[in-house]
Amino acid sequence: MAKRTFSTLEIFLIFLFVLMTGITVALLSLSFITSGTTENHTGFPTTQIPPATQGPTAIQASPTPSTPEPTLFQNFSGYHIGVGRADCTGQVADIILMGYSKTGQNARGILTRLYSRAFIMAEPDGSSRVVFVSIEIGMVSQRLRLEVLNRLQSKYGSLYRRDNVILSGTHTHSGPAGYFQYTTFVIASEGFSNRTFEYMVAGIMKSIEIAHANMRPGKIFINKGNVDGAQINRSPSSYLRNPQSERARYSSNTDKEMVLLKMVDLNGDDLGLISWFAVHPVSMNNSNHLVNSDNVGYASYLFEQEKNKGYLPGEGPYVAAFASSNLGDVSPNILGPHCINTGESCDNANSTCPIGGPSMCIAMGPGQDMLDSTQIIGRIIYEKAKELYASASQEVTGPLASAHQWVNMTDVTVWLNSTHTAKTCKPALGYSFAAGTIDGFGTLNFMQGTTVGDPSWDSIRDQILGKPSEEIKECQKPKPILLHTGELSKPHPWHPDIVDVQIITLGFLAITAIPGEFTTMSGRRLREAVQEEFATYGMLNMTVVISGLCNVYTHYITTYEEYQAQRYEAASTIYGPHTLSAYIQRFRVLAKAIATDTVANLSSGPEPPFFKDLMAPLIPNTVDRAPVGTTFGDVLQPANPKYRVGEVVEVTFVGANPKNSAENRTHQTFLTVEKYEATSATWQIMHNDASWETRFYWHKGLLGHSNATIQWHIPDTAQPGTYRIRYFGHNRKQNSPKPAVILSFESTPSTFDIVTTW
């Protein structure tokens with residue numbers, strides 16, 4: 001290949017790339033500290049590292065639970081069911097959002113809170129139980145999983161274990177990063193945030209504890225139906241690589257089916273729901289800076305608000321989880337990819353525009369802006385779930401079971417046929433990984449569908465990180481390797497080798513816990529293979545659900561045929577072209593073990609690591625300061641005296657860094673919208689920061705100064721009357737040489753009226 005000639009702009013970008021990478025590697029190699037020691041001066045303690053005798057295998061041990069078991073009734077038909085929901089938001093400022101890996105996309109406030117939703121199902125005699133937790137975060141990290149299992153063991157003994165607890169991320173791209181232990185994700189997160197990690201762990205634990213304490217006899221019903229108008233395939237040219245005979249069996253290049261579980265008690269009173277549907281929560285694009293749960297979170301919000309009437313968002317007994325599925329190549333931006341400079345379609349194999357290249361090729365949602373699109377897609381999902389919930393009549397019956405193994409995914413022998421084998425690879429990311437997708441393009445001018453490397457980029461990589469081995473290059477073909485992460489181990493491995501595979505079954509329903517993002521056809525092949533394995537050993541007509549982004553994150557999983565195209569999803573299939581086949585083999589093993597009642601004979605597999613020292617966040621903690629003559633919470637811009645429905649109330653305050661509120665939790669919200677009730681002479685809270693009608697923006701200034709702006713988009717349901725907006729915050733204060741302390745404050749500005757006429 002002829003050597004490429006770079007433009008002045010590209011030379012400048014390459015220089016910046018080399019400089020930033022060099023600095024990052026230096027920081028990672030030289031500046032690692034015990035996790036959390038610079039962050040947690042107050043509030044949470046640093047993460048306790050399990051001693052060697054408390055590794056994941058030891059989770060099978062049975063210390064006396066510190067929490068008494070709820071009394072279980074045995075003489076009924078159904079399951080004991082417990083549901084719980086808890087806040088797991090973490091910090092909402094000075095941390096990068098997880099998903100797009102876009103430098104500069106830091107959190108600067110909050111649109112909605114993030115929640116962990118837990119569901120516990122136990123057999124009538126209490127002999128077996130399973131737990132499914134859907135968490136409104138980008139994905140579950142291995143560190144998060146191991147810490148939760150360790151704490152469950154400490155609290156409940158052997159009741160909740162690695163085999164019967166699934167942790168699943170919804171995959172919102174608008175949640176905080178910083179809770180990973182592998183170097184690739186630590187770099188993408190710009191450090192490890194013990195503050196956010198502890199907040200997430202505590203939220204997951206609390207949701208499980210609530211579900212555990214509230215278990216009652218009940219029934220589970222299942223229903224299925226197609227969701228129209230909520231998704232497109234964002235790599236249709238890759239999908240077309242799959243055999244035509246296989247594609248002909250399906251009416252669409254995305255899985256449109258929603259599977260829904262309806263949970264009620266024996267009186268028929270509603271308890272909760274779990275829904276699985278394949279769509280990327282990327283209606284909020286990579287220009288967003290507000291923490292939120294995106295489209296599937298909005299569906300949960302609508303369902304819970306309907307069932308928990310009279311409660312504020314995030315409160316009330318009913319719990320509705322909209323969990324992820326095989327969403328790898330599925331986008332909610334249903335208007336498709338277009339060149340934003342010319343308007344023409346760029347739905348091609350390289351997602352590139354004639355003028356401007358791939359950075360101009362962007363897919364758009366159905367709304368006027370990303371907030372509108374989020375609500376439109378979320379409402380479509382909600383409406384279908386509401387329909388399926390109302391008509392659900394097929395009861396789920398039968399025993400509960402669970403099976404789990406850890407697998408070294410870098411060394412799986414795959415049987416291609418009765419005589420030929422292949423191997424999985426050490427992890428690597430291809431060139432097209434850096435291109436991003438039509439939902440969020442990369443910052444450098446890489447292109448999807450790249451199957452040949454560039455000598456100049458290879459040279460930069462080799463000088464900074466060393467050359468990839470011939471073995472990994474050969475194994476990963478036709479992927480041109482941009483980052484040979486499986487051969488990088490400083491200061492910690494860059495990608496996981498040891499990965500969870502797990503299935504839990506409720507009667508005829510099997511939930512497969514997938515440690516990544518399966519594409520549409522990958523999910524179909526896995527479902528079919530697991531179903532066939534169950535049928536082979538006597539469990540006929542099993543419904544198999546793909547539950548995505550569970551337990552540990554390993555990027556994407558494409559089919560072998562899709563891998564050849566090397567679009568973004570294939571370039572991010574880190575264990576090579578036979579990754580899907582390896583997973584299918586391992587899940588078949590689990591299905592057979594459940595069907596033949598030989599789970600006890602399964603080996604646990606090699607234990608994953610739990611790293612002690614991780615890099616502190618690159619953004620340091622600073623003392624908050626109010627301007628001279630002011631104090632935190634003082635009003636800088638008051639509300640107008642009067643508003644009408646449909647208008648926006650906006651108040652600006654002297655602010656403090658919102659990340660402080662993830663340590664000192666004196667206040668559970670950054671804001672309230674309150675209405676004066678004359679009859680009782682009290683203020684009634686109408687909205688909080690979990691409401692989709694409110695926005696909390698944080699504006700960072702210099703030397704610890706900042707402002708906070710609260711907006712309330714007045715809904716049609718707002719009644720005339722007198723209102724006020726309150727601001728709740730925490731400021732960091734330090735009087736040297738004493739440690740910093742975090743102090744709470746609140747502000748109540750003057751009132752305003754909502755009127756019907758002027």
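Cβ from N, Cα, C; glycine included.
The annotation transmembrane segment is assigned in TrEMBL to 12-33. TrEMBL lists 42-68 with the feature region 'Disordered'. The compositional bias 'Polar residues' feature in TrEMBL is assigned to 42-64. The domain 'Neutral/alkaline non-lysosomal ceramidase N-terminal' feature in TrEMBL is assigned to 79-585. The Zn(2+) binding site feature in TrEMBL is assigned to H171, H280, E517, Y556. As annotated by TrEMBL, active site, nucleophile applies to S331. Taken from TrEMBL, the feature domain 'Neutral/alkaline non-lysosomal ceramidase C-terminal' applies to 588-754.
S331 (active site, nucleophile) sits 12 Å from H171 (Zn(2+) binding site), taking the Cα positions as reference.
Its own atom aside, the Cβ of H171 (Zn(2+) binding site) has 26 Cβ atoms within 10 angstroms in the protein chains shown.
Within the same chain, residues at least six positions away from E517 (Zn(2+) binding site) with a Cβ under 8 Å of its Cβ are H171, N326, L327, G328, G548, L549, H555, Y556, I557, E569.
Its Cβ taken as reference, Y556 (Zn(2+) binding site) is surrounded by 23 other Cβ atoms within 10 Å in the chains shown. The record gives H171, H280, E517, Y556 for Zn(2+). Within 8 Å of the mean position of their Cβ atoms, the other Cβ atoms in that chain belong to S324, L327, G328, V330, G516, G548, L549.
Taken as a whole, the domain 'Neutral/alkaline non-lysosomal ceramidase N-terminal' (79-585) shows an average pLDDT of 97 in this prediction. Looking only at the recorded positions H280, S331, the densest Cβ neighbourhood within 10 Å occurs at H280.
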